[in-house]
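Now, the feature entries from TrEMBL:
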DOMAIN    202-306  domain 'SCP'
TRANSMEM  6-25  transmembrane segment
TRANSMEM  32-52  transmembrane segment
TRANSMEM  64-87  transmembrane segment
TRANSMEM  99-123  transmembrane segment
Amino acid sequence: MNWVDLAILLVIGFFIFEGFTRGFVNETLDFLVFLLSFALSLRFYNFVAGFYQSNFQIPYSLSTVLGFITVWFLVEAILFTLIRVAFSRTNIINKIDKLFYPITFIPAFLRGLIFVTIILLMIGTFPIQPRIKLEVDESKVGSVMLNQARRLETPLKNVFGGITQDTLSFLTIKPRSDETVGLGFKTSDYVINEQLEFRMIELVNEERAKKGVNKLTFDANLREVGRVHSKDMLERGYFSHYSPEGNNVADRADKLEVRYLVIGENLAYAPSLDLAHNGLMNSEGHRANILSNDYNKIGIGIMQSRIYGLMITQIFSN
């Protein structure tokens, strides 16, 4: 357990404590309003964003955020007004609060759980100090919550992604692309994680087995090609299939005198191996490399920085 776990427990504990002071009815209604506002905001923010764009010439990235906030505010305002009118002339609330007082913690706990989950998703999805991302990934409670809530990552990116294009939750570049991304840092504080390298080969072969494709054989020379590139990207602060000198995977393999007929490369930068693997499998080009019949060998170089996470280079050949 680390400080992230402690913070999560304290926040949820605060919600529960506050719930008992507000009563079962208020807590339940707040929870339902919060849930409905969030869901409707994700569903309808685009309509309001379009209004902002067409009438005020606001950039798309900003209009989506404003659309989300506007829908949330309107839904909450309407629902709270209706609730206030509905219960303004009745004493039934006090009776329900007394009856259900022992389980007031349930809606309060759920509201706190959703609040913390959204915060964790924001940390995991958008550019936040890598050290904090690592602490979340290593936390007992936070990592489980984050993995369970990953289905909300795409909707949240759709809303806020234009504002934060350079997400560090998972970073990759299309195979054979000449694009280069600046990492914003340089570091020599990393270690080779051989255990993760072999674990990722297992994951790749599991994916291939599902599709009835032959398993790849580990090749130490290919691993060295991957390790050299992962090290170079961390030490020089870039992320690309091409080095600053213009060398690609074939050039790096030739320099190390690796023999091949066909060679391919996948890159991933992520706080955890699972996020990296899932991200690659969800990318058409990278998945094609992983499942390709053109390859029968694999080597993976993984450099792990405690602060900045995993730099991964997968090398495939025949």
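Just so you know, glycine gets a Cβ as well, placed from its N, Cα and C.
TrEMBL: automatically predicted annotations, no manual curation.
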Outside the transmembrane segment (6-25), six or more residues from its ends: residues with CB under 8 Å to it: 87, 93, 96-97, 99-101, 103-105, 107-109, 111-113, 115-116, 139, 141-142, 145
Within-chain partners of the transmembrane segment (64-87) [C-beta distance under 8 Å, separation at least 6 from its ends]: 25, 29, 33, 36-38, 40-42, 44-52, 58, 93, 158-160, 162-163
Going along the chain, which residues at least six beyond the ends of the transmembrane segment (99-123) come within the CB cut-off of under 8 Å? 8, 11-12, 14-16, 18-20, 23-24, 27-28, 30-31, 34-35, 38, 132-133, 136, 142, 145-146, 149, 152-153, 156, 160
With helix taken as DSSP H, G or I, strand as E or B and everything else coil, how many residues of the domain 'SCP' (202-306) land in each class? 50 helix, 22 strand, 33 coil
